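Take a look at the structure below.
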Amino acid sequence: VVRSMDEVLASLSGGNQQKVVLAKYLACNPKIIILDEPTRGIDAKARLEVYETIEKMKREGLAILLISSDIEEIVQLVNRVYVMRNGQFVSHLEKEQIN
């Protein structure tokens, strides 16, 4: 949480930096958002807050492209998975197939 408008983004924790960046993009009312490793390097509390934000975006119908190497994160958040290897799509799974 930013305490003042003067607080420099770089002085915030990694989790708060992630939340500020996410909020900045959401303020533009995008139709699609690309999240590349959105929880890498942040603490558990901030991770849960980011997950809650992603779930809210899903409920609101925002298209989300989530790029993550965290399998648990993928299982929890996504509706479908496309697996890439060496720049090529090698697999596609629907939510019920992901485990």
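The backbone N, Cα and C atoms fix where each Cβ goes, and this holds for glycine too.
TrEMBL annotations: computationally assigned, not manually curated.
Taken from TrEMBL as is:
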DOMAIN    7-39  domain 'ABC transporter'
Tell me the residue counts in helix, strand and coil for the domain 'ABC transporter' (7-39), as DSSP assigns them.
16 helix, 5 strand, 12 coil
What same-chain residues lie close to the domain 'ABC transporter' (7-39): Cβ under 8 Å, and 6 or more beyond its ends?
1, 45-47, 49-51, 53-54, 57, 62-70, 73
